[in-house]
């Protein structure tokens, strides 16, 4: 059985925050932010918009793109680190709001690696033969856990959501190879402070980890698929920082024109990062049926996930 993406959708809130916003209260500048991160702007949800609202909008698009009805979905997995509340989960809320019926629904927390973790998890369920249309959503409202007094992190994060329907696809298409892992010894470098409820990051250590693991994990899944870097049509890394992304691309050994860059428009949107990039490249015509694509993410935990996928239903 070939398991892959049957439907796709993404959503970014309307409100756009440019770098000039931060110049008003932080010792920073558009020039510095752009040079060090590649970020020019990011989308922030309104106060009355929560993660489940972002996830809902992306899910509607994915369901429509797959040509199915909500009642055809037999499981919901939401990757998020910013659920509306500890429970019920965002997936539970989506189940009710979409009208899928009483299907299994759960949130999966692997921070910025969450979308990779959830896609790989969904593949296993479909491969078992017991599930046929699994809604996987990566959604985060990072603006609510961003410390706006911390110059090193305040400028980095945005909000958004992306969704896919994972199920059986045509011969020769779908997920070819994958990897996920974690290193708990690095958890202290990227975490949510239990006292302040805000994100804390040791940027130097996270940078070193990210460059190494994104490049190495991408290389391993390409090799596992019996491919070479020359076979890759598009590389879509987690959009954390342009310098991390460029270093990972170089380690993988692909040309700059084959790497998706959306960090300039969205910032780091955690679990929504990779699907927002997919959305951009679909709209730009850079993703076509039968293209071979490498997806890779890293996040708090520390965690990582990667896959090669042959695009198409």
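Glycine is no exception: its Cβ is also placed from the backbone N, Cα and C atoms.
Keep in mind the model is a prediction, meaning the values are calculated, not measured.
Sequence annotations record features per position, and here Swiss-Prot assigns active site to 112, 238, 268 based on sequence analysis. What Swiss-Prot lists as region 'ACP-binding' is 239-243, and the listing cites sequence analysis.
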Positions whose Cβ lies under 8 angstroms from the region 'ACP-binding' (239-243), at least six residues beyond its ends: 36-39, 112, 156, 207, 210, 261-264, 266-269, 273-274, 276-277, 298
Rounded Cα-Cα span from residue 238 (active site) to residue 268 (active site), Å: 8
Listed in sequence order, residues with CB under 8 A of residue 112 (active site) and six or more positions away: 238, 240, 268, 270, 271, 273, 297, 298, 299, 300, 303
Overall pLDDT of the region 'ACP-binding' (239-243), taken as the mean: 96
Reduced DSSP assignment, residue 238 (active site): coil
DSSP three-state assignment (helix, strand or coil) for residue 268 (active site): strand
Local Cβ density at residue 238 (active site) - other Cβ atoms counted within 10 Å: 31
